[in-house]
Each structure stands twice: as C-alpha cells, then as structure tokens.
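Below is one structure, written out as structure tokens, with a few remarks after it.
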2 protein chains.
Amino acid sequence: MSKTLRIGLLGLGVVGGGVVQVLAKEKEKLQKQTGVAISIDKALVRPGEDKSAMAAKYGFTLTTDFDALVEDESLDVIIELIGKVHPAKEFIEAALRHGKHVVTANKDLIAQHGVSLNALAKENKVSLFYEASVAGGIPILRTLTNNYLADEITDVMGIVNGTTNYMLTKMFEEHLSYQAALEKAQALGFAESDPTNDVDGIDAAYKMVILSQFAYGMDVTMDDLEIEGIRSLTELDVYAAKELGYEIKLIGRAKKYDQQIAVSVGPTLVHASHPIASIKNEFNGIFIESSGIHQSMFYGPGAGALPTATSVLSDVVAIAKNKALKLEAPLFNQFSLPTALANDEQQLSRYYLALNVKDYEQLEPIFLKYTIKVERQLKKDAHLFVICEPISKAKLKEFTQKLTNYARIERVMKVIGA
Amino acid sequence: MSKTLRIGLLGLGVVGGGVVQVLAKEKEKLQKQTGVAISIDKALVRPGEDKSAMAAKYGFTLTTDFDALVEDESLDVIIELIGKVHPAKEFIEAALRHGKHVVTANKDLIAQHGVSLNALAKENKVSLFYEASVAGGIPILRTLTNNYLADEITDVMGIVNGTTNYMLTKMFEEHLSYQAALEKAQALGFAESDPTNDVDGIDAAYKMVILSQFAYGMDVTMDDLEIEGIRSLTELDVYAAKELGYEIKLIGRAKKYDQQIAVSVGPTLVHASHPIASIKNEFNGIFIESSGIHQSMFYGPGAGALPTATSVLSDVVAIAKNKALKLEAPLFNQFSLPTALANDEQQLSRYYLALNVKDYEQLEPIFLKYTIKVERQLKKDAHLFVICEPISKAKLKEFTQKLTNYARIERVMKVIGA
C-alpha cells in the first residue's frame, strides 16, 4: 500500500554510517510525515572492507560492484559519500543516466562539475541534491532557494571551513602559533595530515562556488575566485588585529557590485562586534546581506558524521516528498542568471595594510597623493598597521605598487564591520 | 499564456506598503523563477484612509468593503496585515471558506487560533502560511519543516522579541536602568507607548507557541506556558550577571525532556560565550539543539517593514510554486504529534538565585540538606548570588520555599551555557 523509496549508498565511512544510524532512528517519523518508507537496500564498499556487522544489523546488502548496483532497477536514489572527484563523478553520472535521483555531500565535485551534473540530472528528469556539500549541518542551500527568492542578496560572507576557524580561534584565544594551532587541529581530527585544502582556502573556495550559484543564480568556476589561505599568518598579525579591535577569520565572500559579483576567499579582519566574529572553533556561519531581510546569519557545525548525515537525509526527505506528490524532479536551485563578474574598479573594500616602514615621514604624502584615508592605525617597532576607508581593488593595486618604494608590505587583508 | 496569482491585501500600513514595494522590485525575477506572475489587485483600507497615491503608482484598486473583496472570485490569495485578533480572525476564516490561500504575519492570532485556522485551511484545501509571524526576517518556520524532519529537536532557545533584546542590550552595555532603556526603545520606535506585550513576555510567548508546533509537532496553548517578563529587572541583576560572566536575555524556550516538552518565556542568564549571547540590540535569534545537527542558530531582524514584507512574500512564492506545479495546497507544517507536557520533576535546569541574606551561616546547611550544589557564587553587601547545578523544577520549588525562612529571594532565573 505505502510507497517505498529505495536507496543505494556509496560509501560506509563515518558519514555513511551516520546516514544509516540517523535513518534507523527517524524512520517512523519520516514515513509518517512524508507518506513514503525510506529504506537503505544496498551499500557499496571497497574490496576487503568488512561492514557485514552493520549490514546485518540494519538489514541491507553489501556489494563491491558499482555496475551491478547502478543497474538495480529497484533502487530509486543513490547517495554518494565516497568523496573526491574520481570515481565519484563517473558513479553519479551513471546513476543519473540510469534515472536515479542522487544525493551527495561532495563539494569538490559539485564545485567543479556541478553545471554539467545538474544538466545531466535535468536531462534524465531526476533530482541531484547536495545540501551537505556546504557547511555540513547548516541548512543553507535549501533556505536560499526557498526563502530568498523574494529578496535580493547583495553580500554572502561565510566561515565555511571548520578546520581553519578552529585554528584561528586558538591563535586568537590561546595565542598559539600557526604551527601549534595546526598540530592541535590535527590531534583532534579537525585537520588532515595534509592540510593543504583547508589552510590554503581551497575547501572554502569550493563552497563559495556553490553558494554563489544559489545566492546569485550565477555559475562561477574556481578560476574566477581570488583565493588566499591562512598559512602565512603570524603572531604579529594576530597582535595587530586584536589591538585594532578585530579578529582574523578566513572569509569566503560573494559580493554583488551593481549587477556583477566578485567571489573570493581570504583571511579578513572582522570587527569583534560583527555577528560573524562570534563564530568560534570548528563551527561554520554564513552571514547574508540582502535588500529585504537586510542582515541574517546561519550558524552550525560545518562537518561531523551526524550533522552531515542529517543534511544528506534532508535531501532524501525532499525526494520522498516529491515522490509522494508525484512531482517531476525539480532542479535543486532554479534561480539562474548569466554569470557577470565585477572588475577591479567596481570592487570597493576597506583594507588593512601591515607595513614595515623605513621612513614614516615619506609615507604620508603617498597616502595623500592616492587619497587613501586612514581610519585607524597602530605602530609597533618598525611596523605600521593601517585600516583605510573603502577603495577599489584597482586603486589598491596601484597604491601598493607605489608603496613598495617606501615600505615593505607584509600583509593586505579586507576589513569587515565597525 | 502565463499563469497569474492574484492577491488581495488587507492593510496598507508599513508592512503592507513594504509588500507592495518589494513585490514591485522583484516581480520579474519571481515570475521567471516560479513561472507565475504575482499581482496585487486589491487592497483593503480603513474608511477615510487615503492610499490613492500608492494604489495609482502600483496599479491596484482600493476598497473599504471586506465582504466584496473576499467574494471577488478573481483573487487567489489574501494577505492579512491588519494585526490583532479581531477582525483579522473573521477575515481569514471568510477568506479560507471562499477557497483563498491566506498569508499572514499575525502571531497573536496564529498562537491563539492556529489550530482551528489550520483545520479550516485543510478543510477548504487551501494553504495558510505565516512565516513572518515568528522572528520577522528569519526564515525559521519553513526551515524547520524542510530541514529538520530527519532530525530530532531537543531544545529551542529563542530571542524572539526585538524590543526587550534592545532594552537588555542597553541595560548591559550602557548601564541604563530598565526605565531609561524603555524610554530609549520608545523614542526609536522599537517599543509601543503601551509596552505590556513586549516587556511582559506575551509577544515572545505567542512566538514560542508557534515555534513549538513546528519543532515538536505539538499544539500548546498560552496557558501551557510559564511566562515572565523583564519589567522588574534591576541594575543589581545586571551587575551580578556580569560579574558571574553572563548576560541576561529574555529567552523563549521549548525544551524536550524524554518525550514531553516544556515551553516558557523568562529572563535567563546566558553565558557570554554562548552563541545566543552575541545577539544584540533589536535583532532576533533562534538557537536549536538536536540529535543530528547538534547545534544551529538562525539570526536576523525580528521586525521591520522590509524584512517582514520579504518573509510574507516568501509565503506567496511558496503558493505560486505550488500553483505552477498544480499541487494540492499543503499544510504549512505537517509534523504532528499528540501534545505531551513535561511535569515539574522532569524539568531539569541550572538556576541563578539572588538572595538577600540575613545570616550566611544558616544558609549552608539548607543547601546541603537539599543537595543543591553551588557552581559559582558572588557576595555583595547583604546579597548573595548563586548559580547552582541542575535541579528539577519541583525541587527548586521545595528548596526556595524552605529558603524563605533564611533569606529573601530577590530573583530566580534559569541559566544557559558554560
């Protein structure tokens, strides 16, 4: 009598195990609310991987043969949780071609191949959902599609990488060095042994590509982003930021200038009074400015087995509801505009400059000549730290080039708040 | 060729005007994304109210005759923005009976009559949406229905009244008295000349009734809530809270104990490190604990013409999408369980007690006798401020009754965080 949604699960690692566990716990509630029974029928494991105890406990079968799994006509949905681009991409493509809905948490893949995968999903009249790909436990993507359509988003600022936020929190609150903070993050399992993707901002950039698509309807590629990590931040940067009343956060930002957008990832001075400064440790947060709601923020865990599994299941629930309503599979995000990127003249920002100064006297005329207005400054030994009023990125480039004759520029960061 | 969704708007005050303005701005985008043209055709105004300039500018007709408006068969949706219970309730009932979808921002009405109005909507196969009724600009209700179905919510803590949050922020940051803070809020238009509903927690309680329904699927009534306002808070309370490392917030809370819930509104000590303490001034925030996502928070404006108008329009967009998909009108929240309220033995909490002490010596044995463990304490003149480890509400009652023989109890508040 009642409908059943049958799932094939690719990957039984921590998140996959979480999906199995959360679904078992919430099964009855979900069936009651959606009118559809959700059942994990099969799971793909690696050769030699023993998950027989889990399979027996939760009543699904194991296979190492993806081709057989994807050809199983009884399966309605494939959940992909193996991560990385290959073979996840090929698996998802095969699943979509076989008419199966796909749910994935794979940000690397969606950021790089989302456009073609969404097109393939549309062509095959199935859904491709990936709520968990951005900020694991924060329901941000579906909220953007459902609740901001009557609004115009003008700025998205995200702390979307938990590892670096944890490290920066420790550098600020416990005065750890970058290296000590990284080791602590690794010891706690927040950072991998090769932390490149996190500390160099790549992971955050993947998420900003996806967020930009939902916030502005525009497809940007990784090449369109300016990406800077936190690897070279020093205790002096932390000292200066603190003295000036700011924290340093790795901010992914997608900002609209007129009708164009600029997307970037980089360490940023955030004033202590700004809501996004309150996001500490491994937590994520996304702060949105828009013409209607004005300011809103979404806070939650960026990773973790249960939060990510819960997000994955919210996608499955959406598919179950659509099935119950006999709906044609909708695109995850239907907001679509031609991509238009802002140029360097359009991009206005306040900037923080850390300078190693040979001669203070000589600096002032340069600031005057380029009409750079200083909001706040701090001197320490040979260092001069300056926060200046908004200037264009083009002007910043010109100015800093000139400045190198008089000072060594140790760091340039954008500034948010107060 | 293209479908049109025709709206009758009840009330052209600040929010109504905002709806008109935001819709005009986003009209094209909405039509492109939903496939439905959204048009405000008629607006109900009070006799003598002159809105002819707005009507002419945006191309709709004005009427003072509700009966004629509701009988207009060309209208698909009624947006109710006149507020208060009567005649809003009768208007909405008539609209639902005439087969019109209804969108409202009216928290008083939904909190008190939501159950019967939802039943009437279901009976007439139309939608009744009220996203703007809780925390104006924060898209919390639709997020709860869409993203938490695969999760189990165990605690909802909300700063859901902007007026009192503004006042408490001023009392904390600028050391204003309650009275001075109220006057400042009134001067800025955050508080009405009769602030009763805000400062006595009634407004927050309405919102908690609605949030409880979405978070737990349970219908609670205002009588089920324990409600306390901020009217009697003194500078001494502020001093003690600060010294102990806390802020005082008016917290609406719907917490699950086992399978029962308790819903309350009251001034609460929130540790400065807790995310909800970062919600300042007139902003609202809702912090959710759940077994899957674990901790999440939604932050934004609680009121204001444009945020509220944007929320109202997100409901209209949902109706437009359903119309485009030819869907039967769904209930706003389909999660439904029998209401089960926690008793006093089940409700555990840490408490803050402010005592005016006759004899410190005599107090200690009472704490020992009732096995009340003190986490933190502070003495000032004859006052003793104590934060104790979790005890049941039943035990608190018994203990404080006994305590009155040895000390005057000046205040009891719940404690959240650290």
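Just so you know, the numbers here start at 1 and follow the chain as drawn.
Just so it is clear, glycine is given a Cβ too, placed from its N, Cα and C backbone atoms.
Noted in TrEMBL for the protein shown:
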- B:Lys207: active site, proton donor (ACT_SITE)
- B:Leu10, B:Gly11, B:Leu12, B:Gly13, B:Val14, B:Val15, B:Gly16, B:Gly17: NADP(+) binding site (BINDING)
- B:Lys107: NADPH binding site (BINDING)
- B:Glu192: L-homoserine binding site (BINDING)
- B:11-131: domain 'Aspartate/homoserine dehydrogenase NAD-binding' (DOMAIN)
- B:139-317: domain 'Homoserine dehydrogenase catalytic' (DOMAIN)
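Structure coloured by features recorded in TrEMBL.
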{"residue": "B:Leu10", "record": "NADP(+) binding site", "CB count, 10 Å": "25"}
{"residue": "B:Gly11", "record": "NADP(+) binding site", "CB count, 10 Å": "23"}
{"residue": "B:Gly13", "record": "NADP(+) binding site", "CB count, 10 Å": "15"}
{"residue": "B:Val14", "record": "NADP(+) binding site", "CB count, 10 Å": "14"}
{"residue": "B:Val15", "record": "NADP(+) binding site", "CB count, 10 Å": "25"}
{"residue": "B:Gly16", "record": "NADP(+) binding site", "CB count, 10 Å": "27"}
{"residue": "B:Gly17", "record": "NADP(+) binding site", "CB count, 10 Å": "20"}
{"residue": "B:Lys107", "record": "NADPH binding site", "CB count, 10 Å": "24"}
{"residue": "B:Glu192", "record": "L-homoserine binding site", "CB count, 10 Å": "12"}
{"residue": "B:Lys207", "record": "active site, proton donor", "CB count, 10 Å": "24"}
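Classification of B:Gly13 (NADP(+) binding site) by DSSP places it in coil, neither helical nor stranded. Comparing B:Val14 (NADP(+) binding site) with B:Glu192 (L-homoserine binding site), their Cα atoms are 15 Å apart once rounded. Reported as a whole number, the C-alpha separation between B:Glu192 (L-homoserine binding site) and B:Leu10 (NADP(+) binding site) equals 22 Å. Summarised as a single figure, the pLDDT of the domain 'Homoserine dehydrogenase catalytic' (B:139-317) averages 96. For the binding-site residues B:Leu10, B:Gly11, B:Gly13, B:Gly16, B:Gly17, B:Lys107, a Cα to Cα distance of within 10 angstroms from B:Lys207 (active site, proton donor) holds for B:Lys107. Note on B:Leu12 (NADP(+) binding site): other Cβ atoms within 10 Å of its Cβ, all shown chains, come to 22.
Mapped onto three states, the DSSP output places the residue listed as 'L-homoserine binding site' in coil. Report note: the NADP(+) site is defined by B:Leu10, B:Gly11, B:Leu12, B:Gly13, B:Val14, B:Val15, B:Gly16, B:Gly17, and the residues of the same chain whose CB lies within 8 Å of the CB centroid of those residues, excluding them, are B:Leu9, B:Gly18, B:Val19, B:Leu81, B:Ile82. If you measure from the Cα atom of B:Leu10 (NADP(+) binding site) to that of B:Lys107 (NADPH binding site), you get 16 Å. Distance from the CA of B:Lys107 (NADPH binding site) to the CA of B:Leu12 (NADP(+) binding site) is 18 Å. Here the CA atom of B:Val15 (NADP(+) binding site) lies 14 Å from the CA atom of B:Lys107 (NADPH binding site).
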